[in-house]
Amino acid sequence: MNYWIQLKTVMLWEYHRFFKIKNELIGIVIMLVFFVIGFFGSSYAFKASQDKSPIFVANDVDGELIELLSENFDVTISDYQEQETFIAELPERKSGLLLTQEGATFEVHSWRNSGRIKELQRYLDEYRSRQAMQEIDLPRESLQYVLKPANVNEVYYFTAGSRERRIMAIFFSGMMVMAVFISFAYQFTAITGEKQLRITEQIVSAIRPQVWMDGKILGITLTGFSSILIYTIISILGGIIYFQITGSPLSSVLAYLHVPSILLFLSFTVVGVLLWNSVLAAIASIITDPNNSVKSSLMILPSLFVGASFLLLLNPDNHVAVFLSWFPLFSASAMPMRFVVTDVAWWEILGSFILLALAFYYIRKLAARIFHVSILINGNEPTWKDVFRMLKESK
């Protein structure tokens, strides 16, 4: 049996071992239930936030201010007795606002600070500005003329990618993190679990470690992308339903479907996931007991490297950004980020992708060698020093 037939056998075995369409559908149903609850809950909360908030205003407050507040508040004029009653009942009621005025000073009574207080502050500031303009006899037109911004003609020699392409780059970066984290859970089961059951030695006696490791990496990667694909399809259907409900034109979706960008993002994402699964497979090969191993914390590395790539959105042309877009552990997400926010030469994209693919090729070979030597170590979990020593001896 040649390499490719063995690879296909191991890959499909790992894929069918972990990917169960029934479990995926159950997960989708649970997700949809929470989505519906969250949608209606947020809709209710948003509707409630749009209602006018009730506010009690002392009867000696200026009528101009009361008229101004009526735009966004349900104003109730209250006398002194009603104000005293409001303050006395506030600790029990825990809601409502009371505004009083003494000269140029306002006093707001509320159970706690909230967004409505800030909104009220804006109206009070506007009222104070109007009063000040009247005191110095300054027409509103004159103030607007003074505050008018300078006329500036902006000339740019490079236009960054559209907002939609930035969103797509972030989407694919998030998809890569999700696929890696899904794969990470299976890596422990597929590699560490087999080592604990002591069946790895029997398997390796019948098949080369490189084929076994390559099959695991590809099979688990395929499992991760299958799960992501299902959730992506559900998200697209949900988006279509959203556009139908809100009456938004479906043509707005086409702005996201820039085929060259999607092909670029997808290529870097797929190879990036393969690279990180190779790294995680190498780490999992060393771990004997995932419950006690300190090496388990290394599994969060992908999210840290992908997160660092978002810094490119701030300054994509400095030396650090260029380095990140070439270094394989960063480039899977960093190069697409640079592509949408600055001018990147075609040879940079091609060179970065080739370097990423080469890194995957050699790291998968390293992972297989680590896997091979780690199964020969009995007793305590091997340290990195032990593994590298045995790697040198195995050459």
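Glycine is treated like the rest: Cβ placed from N, Cα and C.
Per TrEMBL, the features are as follows:
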- 25-46: transmembrane segment (TRANSMEM)
- 28-359: domain 'ABC-2 type transporter transmembrane' (DOMAIN)
- 167-188: transmembrane segment (TRANSMEM)
- 217-243: transmembrane segment (TRANSMEM)
- 255-276: transmembrane segment (TRANSMEM)
- 296-314: transmembrane segment (TRANSMEM)
- 321-339: transmembrane segment (TRANSMEM)
- 345-363: transmembrane segment (TRANSMEM)
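Note: the stretches the transmembrane segment (167-188) and the transmembrane segment (321-339) are in contact (3+ CB pairs below 8 A, sequence gap of 6 or more). Tallying C-beta pairs under 8 angstroms between the transmembrane segment (345-363) and each of 217-243, 255-276, 321-339 places 321-339 first. For the transmembrane segment (217-243), the residues of the chain that approach it from at least six positions outside its boundaries are 7, 10-15, 17-19, 24, 28, 31-32, 35, 175, 178-180, 182-183, 186-187, 190, 249-250, 252-253, 270, 273-274, 277-278, 281, 364, 367, judged by C-beta separation under 8 angstroms.
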